[in-house]
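Trainee: For D15, K37, 64-73, T126, R187, Q196, 216-217, the entry in Swiss-Prot reads substrate binding site, with the evidence type sequence analysis. The feature active site, proton donor is assigned by Swiss-Prot to K66, with sequence analysis given as support.
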Amino acid sequence: MTRDQAREKVIFALDTGEFAHVQYWAETLSDKVGMYKIGKQLFTACGPAAVRMIQKFGGEVFLDLKFHDIPNTVAMASVEAARMGVKLFNLHALGGYEMMAKTVEALDKEFKGGDRAKVLAVTILTSSTEETLKDLGIEHTVPDMVVRLATLARKAGIDGVVASPREIPLIREACGSDFLIVTPGVRPSFAALNDQKRVMTPAEAVKAGSDYLVIGRPIGDAPDPAAAAELILGEIVAG
């Protein structure tokens with residue numbers, strides 16, 4: 001794998017509420033990462049302006065708002081997300097088949113079957129454990145729930161899933177090679193685990209079959225973020 005191919009796989013998590021930070025990261029990491037993840041904190045603080053700032057510097061956006069509501073509400077919110085020109089956005093698979101299928105239907109109608117943002121379904125959050133599921137009344141194991149939700153998402157026409165690296169082989173087997181897998185819970189060899197439980201290194205996740213890697217603090221908290229990002233690219237290329 002080349003460095004450019006590795007770069008395209010890296011999504012930097014913009015874990016900030018400050019608009020000024022958006023431009024800083026867009027400039028600092030423009031040749032180090034392929035995409036920027038805008039989550040709830042940043043989007044609540046800055047709104048679509050954060051998306052436009054990334055796009056101004058030629059960056060792609062993964063809008064990580066994890067929609068979960070009644071089907072029509074999620075479908076209409078999804079259309080608005082796609083209209084912003086983001087590359088990826090997501091919703092919760094736990095919202096159910098109808099919510100996901102209606103979203104795909106609304107997007108295909110809006111974009112007439114042409115190019116549009118890819119929709120990802122969140123399976124089980126990487127901070128969740130078996131105990132977390134039991135607290136919610138779910139008796140299945142984490143891997144079983146991930147596969148169940150990924151399969152349901154695929155059936156509804158969703159483009160891929162957000163899932164822990166540990167579940168990549170199971171998802172690939174259940175959903176096929178053309179189903180996108182975006183993996184948080186990726187920690188390079190030089191970084192701490194923080195609050196994510198089911199993790200892999202970038203090289204391990206890519207080897208397992210991940211299409212995109214979401215990485216935040218190992219880059220953002222590093223003394224030299226650009227150098228940290230370059231180290232990660234090196235890990236991926238080296239395999």
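Backbone N, Cα and C define each Cβ position, glycine as well.
These numbers come from a predicted model, not from an experiment.
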Trainee: For K66 (active site, proton donor), just count the other CB atoms lying within 10 A of its CB, please.
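Mentor: There are 18 of them.
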Trainee: Please state whether DSSP places the residue listed as 'active site, proton donor' in a helix, a strand or coil.
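Mentor: Strand, per DSSP.
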Trainee: If H, G and I count as helix, E and B as strand, and all else as coil, what does DSSP give for P71 (substrate binding site)?
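Mentor: In the DSSP reduction, P71 (substrate binding site) maps to helix.
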Trainee: Work out how many Å separate T126 (substrate binding site) and K66 (active site, proton donor) at their Cα atoms, rounded off.
Mentor: 14
Trainee: What does the structure give for the C-alpha distance between D15 (substrate binding site) and K66 (active site, proton donor)? Integer Å is fine.
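Mentor: If we compare the Cα positions of D15 (substrate binding site) and K66 (active site, proton donor), the gap is 15 Å.
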